[in-house]
Amino acid sequence: MGKNKLLHPSLVLLLLVLLPTDASVSGKPQYMVLVPSLLHTETTEKGCVLLSYLNETVTVSASLESVRGNRSLFTDLEAENDVLHCVAFAVPKSSSNEEVMFLTVQVKGPTQEFKKRTTVMVKNEDSLVFVQTDKSIYKPGQTVKFRVVSMDENFHPLNELIPLVYIQDPKGNRIAQWQSFQLEGGLKQFSFPLSSEPFQGSYKVVVQKKSGGRTEHPFTVEEFVLPKFEVQVTVPKIITILEEEMNVSVCGLYTYGKPVPGHVTVSICRKYSDASDCHGEDSQAFCEKFSGQLNSHGCFYQQVKTKVFQLKRKEYEMKLHTEAQIQEEGTVVELTGRQSSEITRTITKLSFVKVDSHFRQGIPFFGQVRLVDGKGVPIPNKVIFIRGNEANYYSNATTDEHGLVQFSINTTNVMGTSLTVRVNYKDRSPCYGYQWVSEEHEEAHHTAYLVFSPSKSFVHLEPMSHELPCGHTQTVQAHYILNGGTLLGLKKLSFYYLIMAKGGIVRTGTHGLLVKQEDMKGHFSISIPVKSDIAPVARLLIYAVLPTGDVIGDSAKYDVENCLANKVDLSFSPSQSLPASHAHLRVTAAPQSVCALRAVDQSVLLMKPDAELSASSVYNLLPEKDLTGFPGPLNDQDNEDCINRHNVYINGITYTPVSSTNEKDMYSFLEDMGLKAFTNSKIRKPKMCPQLQQYEMHGPEGLRVGFYESDVMGRGHARLVHVEEPHTETVRKYFPETWIWDLVVVNSAGVAEVGVTVPDTITEWKAGAFCLSEDAGLGISSTASLRAFQPFFVELTMPYSVIRGEAFTLKATVLNYLPKCIRVSVQLEASPAFLAVPVEKEQAPHCICANGRQTVSWAVTPKSLGNVNFTVSAEALESQELCGTEVPSVPEHGRKDTVIKPLLVEPEGLEKETTFNSLLCPSGGEVSEELSLKLPPNVVEESARASVSVLGDILGSAMQNTQNLLQMPYGCGEQNMVLFAPNIYVLDYLNETQQLTPEIKSKAIGYLNTGYQRQLNYKHYDGSYSTFGERYGRNQGNTWLTAFVLKTFAQARAYIFIDEAHITQALIWLSQRQKDNGCFRSSGSLLNNAIKGGVEDEVTLSAYITIALLEIPLTVTHPVVRNALFCLESAWKTAQEGDHGSHVYTKALLAYAFALAGNQDKRKEVLKSLNEEAVKKDNSVHWERPQKPKAPVGHFYEPQAPSAEVEMTSYVLLAYLTAQPAPTSEDLTSATNIVKWITKQQNAQGGFSSTQDTVVALHALSKYGAATFTRTGKAAQVTIQSSGTFSSKFQVDNNNRLLLQQVSLPELPGEYSMKVTGEGCVYLQTSLKYNILPEKEEFPFALGVQTLPQTCDEPKAHTSFQISLSVSYTGSRSASNMAIVDVKMVSGFIPLKPTVKMLERSNHVSRTEVSSNHVLIYLDKVSNQTLSLFFTVLQDVPVRDLKPAIVKVYDYYETDEFAIAEYNAPCSKDLGNA
């Protein structure tokens, strides 16, 4: 505070500079025009004009200037004196979405003229678009229903043209699209049926707007069974480290509102912050477990001592995780609920509730502070201490019953430009420890800065702490203090105020104050009706212009409830109803509103809660929820006169000017509002002349932008099966997950009545509506509920799917909510589709009393595939036999309840997939290809299914699947590169063909960034890379992989940041491995033997590295490249002179290396030699290894080509396409024939069989695609026809060339023809899937699988056993490449992860991975020495009559070398009874 003595004289100096020196200043004309600093095009904007102390008529004009010219916003506006006049204007659309322009305002009269020019930001107005799906999660085969809604920034509907909407699957495929459609009433509905075998995972609906913006909405596709009940876990949200106990409650509630009977198990854990799987549970968490029975209300309560969690220990998370499992009585169905409690060290906390943001010297500074405990509960009757050192203020006060204290600080003697108020309750704990958390009592502190006013006049808006509620009128108090000496004979002073919201001026007003020629002090109120136009944040500015030219003012920010003008209400009548009965849904909204209705089963919301449409989510769509400050380019330069830094001598006192950066002037208040001011009034404080370096603190920069948080469909119409006594028996078979999905229009009275039929599900239906009106805009209803319930019913418990022949237990539970006992008979209707045997020997009628239940079970073995219906009836019987002490009653209505539910039955055996690819180019004519789909003799009956995909781009499938190109695991440094490199080729290709969209670019760059980070995990300290990195004990870098990473990182620099050090280090490391003859030494172990077999090891590796260096690209004159080319040229010369020649693989690499180096002669020589060894068949060309292994016997279809052959053929293709200066027509003809063969080897994802072949082939295909791409307006027609009655047609053009169009083929086995006419090329991919029963055959691996124990004799064998594997290589080579052992789990079992992780301690195991039902084990290689591996599995869900599970071992790089074995659980026959 030592500067205070200097600051005071400086303020006096500033007053001398600004105060008028004679009365002639009185009445000087003042102009002020206020315009938002951000203007939106094609919408109404407002600017406000204030003219004061004028004695003549003036006109006001405004114009906007950009690089393309000037445009007048308004001209010759006549404004009255002392009246705040606001004028509306529109800004034309700009060619760029965001642009800085110059705004010029001119005020002109007979004797007065004022002109000022400043910058504003102009943004094109964009629509607000959201998507609503009927659910957030779907099963395969269900229909996705969704709506696209568009509004303006006032939430009024927009009937805009939407260029594109599409659905994208988890692999990135665009599986459906809708183009160029007009919204009606601001919305449009769509639907899309999912296939029976879709990819499971996260999908999204993408809306592409005309402006180029896009909106995405996610949904999930999974196989699931809806939960029957909710597990509600209640724990304290916060507990402090001092609490000794906590209360936990767990309740089970059915979706129809009744309590769940059953058993609960609760676990409360505090997890270790650095948990480990290797040292048991103690290294992971402190846990407390307990269990018990649910009471009659379905609840369980427990008081838990917190001592076990050691709340003050530091090494553990500051959270308690509570997990509760409820096991339903009878069915043994288990569902889980979770909650967490935050552990806080904060025992008490002080915070300012209301406090002035600035202080004005001489006006008391007000504040209100609240004291709460660690849970936020107010603490009354406690003494708190308040201090404001700059004002010499020290006080204490006692909190009231709400924990509040008010205070007021006299600011008369504050000498500085800031006032800091500190409030505390208790001092910090003196106890500190490295491992311990100490209690904390949080203080509150607030710094307020001085408001600059040379006139010593002020106006101040009272702060408000609460959110302003909709529909109310809020009163704001404005306090003022006026210095009589500045009024200069004025009789009435006008205070003007305006409100800004959503970035624009929305309201204005004036308050007149009669003044006297003396100092005045007082307050007045401003009334603000709270409506949607000022939500979600209102900024209020108040100001007055004094006769001296000084402007006094203040601004305040008020949070406003997210109001919507269209008030929507939704209600069911009745609110509870019987299944299949009639009900009414009543909607009220603004007249003529279009209302979108939705009602879903509460079970769906329990399965996956929705991101519900709400006022908050809609307001989050706004581009500007609040405008404050100026964007960086718009900060104005201060053109006013500055003060020199020389000392001033006045009346014997020397004054030293000091810069008061933090003082708040009127300009700062306007900047807080985001307003640009055109004025000749004094709104700025003086600033120092910039003679020396000075530092200024700028106000907030940038715009505050909010982001989105993220055909009428008929209602389901349930129908009762017609029986003679419809009230006696109910047959329930209609169980939709979405019940209502409708559009309705309310009438002129604002009401719509919708008649509905309640579905058969006994549950609670949750309904919602949003409505759009041209006048009132958007409205959203609160949730309405209808409970579908009947007091006596039967429900079925069964899994999502089962395997044919695998027995499962079907359970039927009869529930009686009648007040009396009933005697019930339960029957399962027989069917040829399954065999059912009662679990209980006797099927006698059961006695069920009030609120009771009875579960009846059958062991069911399905015999048919697909959806199999199960029909179960429960009937209340007339009987005189007592139930307990009473005679059973028979319900008057609904004495028999029948439920019909389907179950998906899947085929047994091992699934096989065969892919047939064709690239057909009609060139104005017609081309066709025959397709014969045959099935092997050992196919599982009814298991075959096939589909055809149609794409207009050769890379279409691959570019949508860059993260899923292989149907294999990605667990090492080389395999990671197949996630990385193809993105570069896709980006290059789309750039060159001008097809690159922002969406694809963004996605590909995202993959490049993550792949780059992941690849650095495999880097060594010396700059090299290896397959599993140093952390797996591979201490030597790998020459081949380092070259691969080097060239790919170098190529990725065009799209993402790559640290040059990684490139330099890898290049240096490689150059150190170059020998004197220019060839490279091999270093590190390669997992792929394809390039290290035979005498030409060194040449092949050297060719690969030379290619990598030239692709960086390094020039041929670079020393390392020059020497490497010498090595290759010498090797080629030797090969030509020798008898044995070169390996085909080596020649393919040499051809491409010479092509890259520009050595056309050598390229032609090698290609000529290769052409002599080419395999030519069916107008296609490829190359094979001379000693190609025999194809395994027993393949029904020719297997996919080996990885090495795809790779070498792709290198030849690259050599043809890299001719200098460009490929000739002969080169392209040869390339086309090669492409025909390569595309036939692609898998369903667009990749190939392994890593290198995928990377090189996609590189080659992208170059071929770019070389042959033509953008034509013509289209190709595709016809797929069977020899029977099936026929399907597609069209492929520029608009849908990247759309994956698909159709299922119904006739299997079958003969099909595929015909293409028109222009362009069409890529057709047929996928045939079927199951087979494994047969004994000769494999190149010996694979043995056993379980320990092998039999069911041991007591633990039901729930746990070991899997023991033995693997060796018996093929034609000395050892395999890297191999993967894939162990599928037996149904109902899961692996024990720590035992799987232990396998990595073996020298032969590089890595392990665990998925939901598979264990993957990576082996460096497999030789003829047997490897033994074992791990433990645990029972997760009981399943009877288990089918065997498959274990597969395969060579990662020669995928046609594999072996299959199967195993079963020791107790496979009777696990269902366990």
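Cβ atoms here come from the backbone N, Cα and C positions, even for glycine.
Because the structure is a prediction, the values reported are computed rather than measured.
Its Cβ taken as reference, Cys48 (disulfide bond) is surrounded by 19 other Cβ atoms within 10 Å in the chains shown. Feature annotation from Swiss-Prot assigns disulfide bond to Cys48-Cys86 (among others).
The annotation disulfide bond is assigned in Swiss-Prot to Cys251-Cys299 (among others) on the grounds of experimental evidence. Sequence-distant neighbours of Cys299 (disulfide bond) (same chain, six or more apart, CB under 8 Å from its CB) are Ser249, Val250, Cys251, Gly252, Pro259, listed in sequence order.
Feature annotation from Swiss-Prot assigns disulfide bond to Cys269-Cys287 (among others); the stated evidence is experimental evidence. Classification of Cys269 (disulfide bond) by DSSP places it within a strand. A C-beta separation below 8 Å, combined with a sequence spacing of at least six in one chain, links Cys269 (disulfide bond) to Ala285, Phe286, Cys287, Glu288, Leu320, His321, Glu323.
The disulfide bond annotation in Swiss-Prot covers Cys470-Cys563 (among others) and rests on experimental evidence. Under the three-state DSSP scheme, Cys470 (disulfide bond) falls in the coil class.
According to Swiss-Prot, the feature disulfide bond maps to Cys595-Cys771 (among others), an assignment based on experimental evidence. Taking all protein chains in view, 32 other C-beta atoms sit within 10 angstroms of the C-beta of Cys771 (disulfide bond).
Taken from Swiss-Prot, the feature disulfide bond covers Cys642-Cys689 (among others).
Proximity of Cys849 (disulfide bond) to non-local residues of its own chain (separation of 6 or more, Cβ distance below 8 Å) is seen for Asn816, Lys820, Cys821, Cys883, Gly884, given in sequence order. Summarising the annotation, Swiss-Prot assigns disulfide bond to Cys821-Cys849 (among others).
In the three-state DSSP scheme, Cys883 (disulfide bond) falls into the strand class. For Cys847-Cys883 (among others), the entry in Swiss-Prot reads disulfide bond, with the evidence type experimental evidence.
According to DSSP, Cys1321 (disulfide bond) sits in a coil region rather than a helix or strand. Annotation source Swiss-Prot lists disulfide bond at Cys921-Cys1321 (among others), citing experimental evidence.
Sequence annotations record features per position, and here Swiss-Prot assigns disulfide bond to Cys1079-Cys1127 (among others) based on experimental evidence. In this view, Cys1079 (disulfide bond) is surrounded by 23 other Cβ atoms within 10 Å of its Cβ, with every protein chain counted.
Using a 10 Å Cβ-Cβ cutoff, Cys1467 (disulfide bond) registers 22 neighbours. Summarising the annotation, Swiss-Prot assigns disulfide bond to Cys1352-Cys1467 (among others) and lists experimental evidence as the type of evidence.
The 10 Å shell around the Cβ of Asn55 (N-linked glycosylation site) contains 10 further Cβ atoms across the protein chains shown. The N-linked glycosylation site annotation in Swiss-Prot covers Asn55 (among others).
The N-linked glycosylation site annotation in Swiss-Prot covers Asn70 (among others). DSSP gives Asn70 (N-linked glycosylation site) a strand state.
The annotation N-linked glycosylation site is assigned in Swiss-Prot to Asn247 (among others). Asn247 (N-linked glycosylation site) falls within a strand segment according to DSSP.
Marked as N-linked glycosylation site by Swiss-Prot: Asn396 (among others). Under the three-state DSSP scheme, Asn396 (N-linked glycosylation site) falls in the strand class.
The N-linked glycosylation site annotation in Swiss-Prot covers Asn410 (among others) and is backed by experimental evidence. Taking Cβ-Cβ distances under 8 Å and a sequence gap of 6 or more within the same chain, the neighbours of Asn410 (N-linked glycosylation site) are Pro364, Ala391, Tyr393.
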Integer Å distance between the CA atoms belonging to Cys48 (disulfide bond) and Cys563 (disulfide bond): 26
Candidate recorded positions Asn70, Cys771, Asn869, Cys1321, pick with smallest Cα gap to Cys1079 (disulfide bond): Cys1321
Length of the line joining the Cα atoms of Cys921 (disulfide bond) and Asn991 (N-linked glycosylation site), in Å: 23
Which listed residue (Cys86, Cys563, Cys595, Cys883) has most other Cβ within 10 Å, given these are disulfide-bonded residues: Cys595
Among Cys847, Asn1424, Cys1467, which are recorded as recorded positions, the nearest neighbour of Cys86 (disulfide bond) by Cα: Cys847
List of residues, in chain order, with Cβ under 8 A from that of Asn869 (N-linked glycosylation site) and at least 6 apart: Ser831, Ala833, Ile900, Lys901, Pro902
Rounded distance in angstrom between the Cα atoms of Cys771 (disulfide bond) and Asn70 (N-linked glycosylation site): 41
Pairwise CA distance, Asn396 (N-linked glycosylation site) versus Cys470 (disulfide bond), rounded so that it is a whole Å: 38
Helix, strand and coil residues within the region 'Inhibitory' (730-735) as assigned by DSSP: 0 helix, 3 strand, 3 coil
From Cys48, Asn70, Cys595: recorded positions whose CA lies within 10 A of Asn991 (N-linked glycosylation site): none
Other CB atoms within 10 A, centred on Asn991 (N-linked glycosylation site): 14
Assigned element (helix, strand, coil) containing Asn991 (N-linked glycosylation site), judged by DSSP: helix
